[in-house]
Structure formats: C-alpha cells, structure tokens
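If you look up TrEMBL, you'll see E89, H258 marked as active site, proton donor/acceptor. Annotation comment: TrEMBL describes C123 as active site, acyl-thioester intermediate. For S215, K263, K267, the entry in TrEMBL reads CoA binding site. Annotation comment: TrEMBL describes 9-180 as domain 'Hydroxymethylglutaryl-coenzyme A synthase N-terminal'. Annotation comment: TrEMBL describes 182-464 as domain 'Hydroxymethylglutaryl-coenzyme A synthase C-terminal'.
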Amino acid sequence: MGQPYRTESDVGIIAMEVYFPSQYVEQAELEEFDGVGAGKYTVGLGQARMGFCSDREDIGSLCLTVVQRLMERSGLSYESVGRLEVGTETIIDKSKSTKTVLMQLFEESGNTDVEGVDTTNACYGGTAALFNAVNWVESSSWDGRYALVVAGDIAVYATGSARPTGGAGAVAMLVGPNAPLAFERGLRGTHMQHAYDFYKPDMVSEYPVVDGKLSIQCYLSALDRCYSVYRNKIHAQWQREGLDKRCSLEDFGFMVFHSPYCKLVQKSLARLMLNDFLCHHSPDTQSGPFSGLEAFRDVKIEDTYFDRDVEKAFMKASSEAFESKTKASLLISNQNGNMYTPSVYGCLASVLAQHTPQQLAGQRIGVFSYGSGFAATLYSIKVTQDATPGSALDKLVSSLCDLQARLDSRKKVSPDVFAQNMKLREETHHLANYIPQGSVEELFPGTWYLTRVDEKHRRQYVRRSMNDDRPLEAGLITSCITAEHIPSPLKKMPRIPAATAGPEGLVISNGDH
C-alpha cells in the first residue's frame, strides 16, 4: 500500500447516461403562439423541439435520476465510486451543494468517502468537473476507484426572444483508466475572460440577464482563441514525435460544440474552417474546400464575428465537413434544446448513439465547451481502436442506442400549457412550505421528483416506480444490452452487488428529518 500509484493510461469516459424531461413543446407551434414569423425558431435557430420541466423537477431530482440510472444500467456498486462532482448553474441553495443531495443514493452502501462538490460557471461547470475527475484519476490522490461526473441544468428564460433557446436535462459520466473515450494528454486549449454576456445576478429569479449579440461574439472569439492554443500544443507534440504537419479540421473525425442553439454550432464549424484558411500559408483557392474563397484572404479574424459575407461563404465551404463531423451531434440539442452544462455532452452522446463502434474506433473527437462570463476550452478525445463485440466501446455505444426512441416517447404539450408551466415555476420555485402541482404520471418511469419543500426550505424527493405501463418501458429501463458489472479499476477496491431499483415511494430529502 505504501507504493505510489503509477500514472494511469487512457483515462477518460467509460460510461454515459443522458436524462431529459418527458414533455416537450414544438418550436413551430411556439412560433405561432409567440406571434413571430414562421421559421424564426425552427430555421433561424435550428431548433425543432424544446424539453421542459414542471414544478415536480428541480436540479436535485434531475441529478438523482441520471446518477441512479447510470449506476443501475452499468451494474455498478456505489462503493466503487471515490469521487463525485456536479457541474451546474441551476442554484437552489447558496451553500449546500447538489453533490451532497446525491450522497443519499450512497447511504445503503455505507460509502461516504467520496471527494468532490459542485462547480459553477454558466455552461462550463460540467467540463470543469470532468477535468477535475480526469486529473484526480491521473494524480497521486487517486485511490483506485471510479470518478462520477454529473452535468445538469434547467434552462429557462423570461418571455421574449430568448425563451425558445431553453431546455433541460442531465448527463452522468463514469471516469476511469483504460477508457474507450480517452482524453488526449496536454491537448487542451483554454481561454478565460471577463464579460457580462449572460449572467444571473437576481437571486430570487431563475432567469438570466442576456446580451445576445455580445454572447455570440464572446463564444466565437473564445472558439478562435481555444483553437489557436490547441493547435499550437498539438503541433508541439507532433514536432517532438518528428512529424512536420499543421493541425486542421481534417485531423478530427468528429467535432462537437456547446450548443445554445443548433445554428450557432453550424456557424462554429464554419469558423474553424475560416481559422484554417487564414492560418494556411498558401491555401488552394482553385479546388478543394477553399475554392472560391480568395476574396477573404486578408480579412482580420476579429472583424468577422458578424460579417454575413464571410459567414455565408464559409458555411457553404464547410457544409460537407458539417455533415460528416458535426451534424449527428445535434440530435438532442435539436429535439430537447439547450441543457446548459450537459449540452456539449449531450452532443457527444448523440454522436455515439448514431454511429457503430467500428465507425468510431480510432477517431479523434474535438470538444468545444463554452460558459458565459466567460470560460472556454477546446480539447480532444481519442476513441479506442477496440470495437469488438463486448468491448468497452461496444458497451458504451450500445447503452446509448435507445436515445432516439426515448426522445420519440416523450409527450408533446401545447405552447399554452408550456407557458402555464413557466409561469408556475416563476411564481413557486423559491417558495418554502410548498407542494408541487405538476403531474407525476407524465414522468418517465424511474424518475426522481419533488414531493414537497418544507417550512425550512428542505426538499423531499420520491422516485417514480420502474414498473409502469408507459410505452417503451422495456427500452427505457433495461437499455439495449444487459447491464453487466463493471469492476473497480483496481481489484483491491471492495465491491458489493448493485442494489436493485428502489421501490415506489422511497423517500429521500436534502435535509435532516
């Protein structure tokens, strides 16, 4: 036991779980309801549907649901987790972390030795939590157990032009060594800067203050800077290995982005091509992807954030790259909306869900994470070469294969009912001595929900039964593969059999009772 741990290899994501609400509103119907031009949300923003929560769900219930679902579907024991960190900007308590609420899931196992708390900076908190988890496994502090990272948020806006860019959901990720999705060491390009592009200064409101135009400029400028730093770092690595080549979009099999709305992601991929073009010493403007772009050879990158000619030209030039590298990542974003911290990881899950292990094996996946205020990183994941049946990659991909079916099984509600739900949240989300009014029957089986907030603001949650008549029940509960036990990374760590699904009426809370 006295020996230091060796540095673990291929540390990264071993398993993933995605949760989104069971109800949504059609963006086309919302356009009509809001009295805006047809296509403003569906074409202009690239959004088809938006998931939302009633007053029955809060950040605590979202995270409880996604964590328990990951543990059950992976066949993991709670004893095998040594770090748990939550990335969120949905703050319901200025002191108590959501992570401590999740510790109630660990009580039966007796495991209280779990590091990590919450991490907050707009939509970047999940990435910061994920980096902390990877760093922990790679460090001398690692005790041989898994790290669990949860990104979750409820994205809601006041009535107006920003409301259709809302959404809600949570993603849980299991981190450890020998992962099918390994983080490439030393390849993170980060940019941090002070700006008031999107922030939440009103402590009694769920709604942010947004400067839409500034936020887009901050996002795109951060993308430029992160890409530049990333390319410098990978170029230095290649030079050490004796490779003389420049880094470009061609070096990424897939490219996923934080997605406030889908159209911005398409513009972002075009922006990476613009960066490639401007950094190239002698781009071929006669043939290939840069053909016909010679007129833009001398543009200054910082002058192009809102240049329609540049945007249009490079969106056209990058259209094939978008189709092959990025479009598949927008499944959840297009169908559920912006989940804030889980957004970029929902995009990653969407790529995994729509490709075979063989199509993914050996690919480099670029990941751009952005959080207003602002904080951003572009990093890369290398997918394992092992795509054989029963491999870690095969299990990860199989566990996400029901994503489309789950999206299709949600209930559509009218814009009027959606607006009523938003009004109800607005009036009640901060109340004490409150019993939620939303329907429990509409929730997916196995979903945790809020039963009451007592006079001291202490919250009580119950889990909806897994034994439910809801359509697609089997797909929702058992995944596409039989859950198998994933042992702890180091055999010396004790394991206990995973507990079975909790019974209907199992109550947990976030306070002493």
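Using N, Cα and C of the backbone, Cβ positions are placed for all residues, glycine too.
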Which chain neighbours of the CoA site, leaving out S215, K263, K267, have a Cβ atom within 8 Å of the mean position of the site's Cβ atoms?
I216, Y219, L220, P260, Y261, L264, V265, S268
Tell me the Cβ neighbour count for K267 (CoA binding site), meaning other Cβ atoms within 10 Å of its Cβ, over all protein chains shown.
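Here the count is 21.
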Quick one: which of these recorded positions, E89, S215, H258, K263, K267, have their CA within 10 A of C123 (active site, acyl-thioester intermediate)?
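Final answer, ordered: E89, H258.
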Between the Cα atoms of S215 (CoA binding site) and E89 (active site, proton donor/acceptor), find the distance and write it as a whole number of Å.
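Taking the Cα atoms only, S215 (CoA binding site) lies 17 Å from E89 (active site, proton donor/acceptor).
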Distance check, please: Cα of K263 (CoA binding site) against Cα of E89 (active site, proton donor/acceptor), rounded to an integer number of angstrom.
23
Which has the fewest other CB atoms in a 10 Å radius around its CB: H258, K263, the listed recorded positions?
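Comparing Cβ neighbour counts within 10 Å for the recorded positions H258, K263 gives K263.
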In whole Å, how far is H258 (active site, proton donor/acceptor) from K267 (CoA binding site) when you measure between their Cα atoms?
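Between the Cα atoms of K267 (CoA binding site) and H258 (active site, proton donor/acceptor), the distance comes to 12 Å.
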What's the CA-CA gap between E89 (active site, proton donor/acceptor) and H258 (active site, proton donor/acceptor) in angstrom, rounded?
15
Measure the Cβ-based neighbour count of S215 (CoA binding site), defined as the other Cβ atoms within 10 Å of its Cβ.
23
Please identify, from the active-site residues E89, C123, the residue with the sparsest Cβ neighbourhood, meaning fewest other Cβ atoms within 10 angstroms.
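Counting other Cβ atoms within 10 Å of each of the active-site residues E89, C123 gives the minimum at E89.
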